[in-house]
């Protein structure tokens, strides 16, 4: 692996980059991170090379960031692979980070400039280095550098720029090239970079960049070639039109040889001649032109040998030099010379500075064959200099002298007198076309929007379009470069003038009474005019309350305290020697308006009122712009502004007042001057509002001659309260239509027909405070429409209309008992509790209600019964067991009737068991038996409580509670003690008041006694299914879950199956089935009328089966068909009422 070698002459690694590379090298020397930088090196094609950079980590908290670049921007991290590897390592004992870049099997295009950058937080360091990739080549004798680099742009593939690195990269030169007669290298090395191009032109080097690249690679090691015994020279030169000879000597004469020019194979022709002499192979190129300036190489098998051919132009000689010339400013100047060749490259210089032939340049270069001319169209004084011309073979110089012509004044400036605002025009003419400057009172005048300066040929003009007073001065024109001036004087004349532009229409000035007026009138005139003020026949002086003050450019009319009497015209007069000017100025003194009269309140509402007022008698000299309104509570002294934008009208509607509170209002008038004093307050007023209409107007009853209406109070009554109601009606045929609404639940605020106000008949001349009223003395069979109004101190409310006509005829409504749901099953109460049952019903007219208990009339002294039109109440203040039984209710309307039965059960605590017997005693156990009590308290016995007591202490302790059987075994008794036992019976009301105690005691014998266990036969618990509680007919409401319950017993445990209309219910998500401790439940989720029918529960075991059934009826609830707000129920096509629930 090759190691990097120190780069020599690296500052000249690229032709024009010397200063930049020097700056990079200086920056690298000031490194703060690198302790070892990568060095430039070279490697042969196919070889390997490694570049190493080291960074000290003593002051770094973490690993620094390192990047490798080729050229300026190519990041090599993305190019890592087979030929490029990046490695890094860290030595802990030296604390050095090592970063390596390995280039494997280098290729020719790997050569170039590389850069390594390292950064850590705000620290940064960079280092550049070069890589050269070489290939073996024949050694060549030294060549003339100056001649070799004369290149032309007429070449083919390699025309333009010479890549001398490609020319020399395949050979290694051990010996230094011989210097030419003039060492251009030393000249370039010691010269300033800005002079490189000049030196190259001087010595005929047209490819400066290629020369600098070639000088970088002057030394190479020569590798011997197996195919070529002698190769081509590294470069050849020939004059234009000459002949050149290329010769190589082969080691093996049988090898096929091919010649190439810029990569294209050369074929024999009159221009290219091939010759063989033994092992020598020769190529002749005849009549060389600039297109033959190219790279040539010859191949023999897999090897090749290359060279460069440089075609040199002959030097250009100056055959006729420049001549010294003298001329005047503004003249055309031509400097000419002749050279030895047509259209040769010639450079012109002025005092050593090169002149270019650019379009905007003052200098124009003209070429006519061998003649070259420098042309200056209009010579100036600064064109005096030494001019020179330079070619590749010589130079010539001459001096140009430019002088001024003598100046004569053809037309002098004249003094002028102009009026203010007129044009000032100064004009002069001189003998030469030169620039000049204008002066005013010795100060330089520059051109501006107001001052125009013109110069055309020999004529100069000064123009001011509109003369001003300060334009009066002494003016002077001075030509450039001449010690001469042309003076004149300008005099401006201005008659007096008043400037009243700032005043209003008709020169009217308005002032507020009591304030100070200072009216300033601008005046002009030259000389300053005399000012006089007057009002009527009186002249104003410069003192007093009304006075005049005069200044150089204005005059002021001053009124210290303006009064209404000061209104009127004032005259101002200006006089001077140039003329006179006068004007009338109207002074108008204005004030705030007078207060308006006290406002009137014309209308009041719930929280508002309407107020009006008259405009003030005097508007203060300025039109009324609007009004401000204020209000306050009568008992308060604080006024509140009601409008923040002016009210333009003389009426206003205050809002957001408190109903029932007394208020006062007042008004302010406003004009442009200000706000008037307030008006007198209005008379006090109280906001009140009528109530909202009554609600829920409905028919309560109809007979053959009367209609009873009922309603609800208004939703909003207000502070005025409610005095009562007015009921009005009218008969059919008075203007209303038959096609009206039939929606009974609809409340109307507007009548569904057209009626005049006098067609309504007041049913109650005096207000009624009830929400129910009967309209009497109506013709049977007529139809009426009814409306109701609420009345308070503010008046009548909007009426509430009944939605449809009412037929005056009593309607028979069939009786229907609406039995509550909880009364459809047995109604149970304890002894001493109160029984209060309300059973609603319907039926008209005059429904008759009767009650019976167990088929006999009810004793009204024992049970209280109260009947109304819509319900009946049965009341028992203190229930006794004798009140239990079946109560039959019957509702009759004429020949129609409806019945319902209520089962009432009054329960009490049971009596004690009848006899308690000690059946057996053994060990620590006692077996007891007893009989159920004779009195069960009118409720089923739910269990027994057993207690024991030691004979010695007779303290009772409970040993069993809620025990269901009539025999029990008491365990864990104390041996040697003697016990008594007693038992309480229990039902839903609680334990019996007394207990039955054993007559005998049970002695628990001590150890030593052997107890003989009795022999019992096994009891057979097998039993076929038996329903202990059957299913009950049930009503359900659509949309609400319903349940069917029953209880069954049997051993073995029976299998339960549910059926609907004798069809087994299976896998239907609408039904849920439960069975717990013998209680069977069927839950129907949100039933509909289609779920009604006969439901059965079947229990089956190996001993038999049992089945019970019931009927389920599902009802749908609707509202408001018979009576508004009253529910009724539909099941199928039959009407059912809520009493069925």
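Glycine too: its Cβ is placed from the backbone N, Cα and C atoms.
Among the ranges 1-31, 32-62, the stretch that TrEMBL annotates as region 'Disordered' is 1-31. When each of 595-694, 815-903, 1025-1109 is scored by its Cβ pairs under 8 Å to the domain 'Fibronectin type-III' (912-1007), the top-ranked stretch turns out to be 815-903. Secondary structure of the domain 'Fibronectin type-III' (912-1007) per DSSP, as helix, strand and coil residue counts: 0 helix, 49 strand, 47 coil.
Per-residue pLDDT, averaged over the domain 'Ig-like' (314-401), rounds to 87.
Applying DSSP to the domain 'Ig-like' (815-903) sorts its residues as follows: 6 helix, 52 strand, 31 coil.
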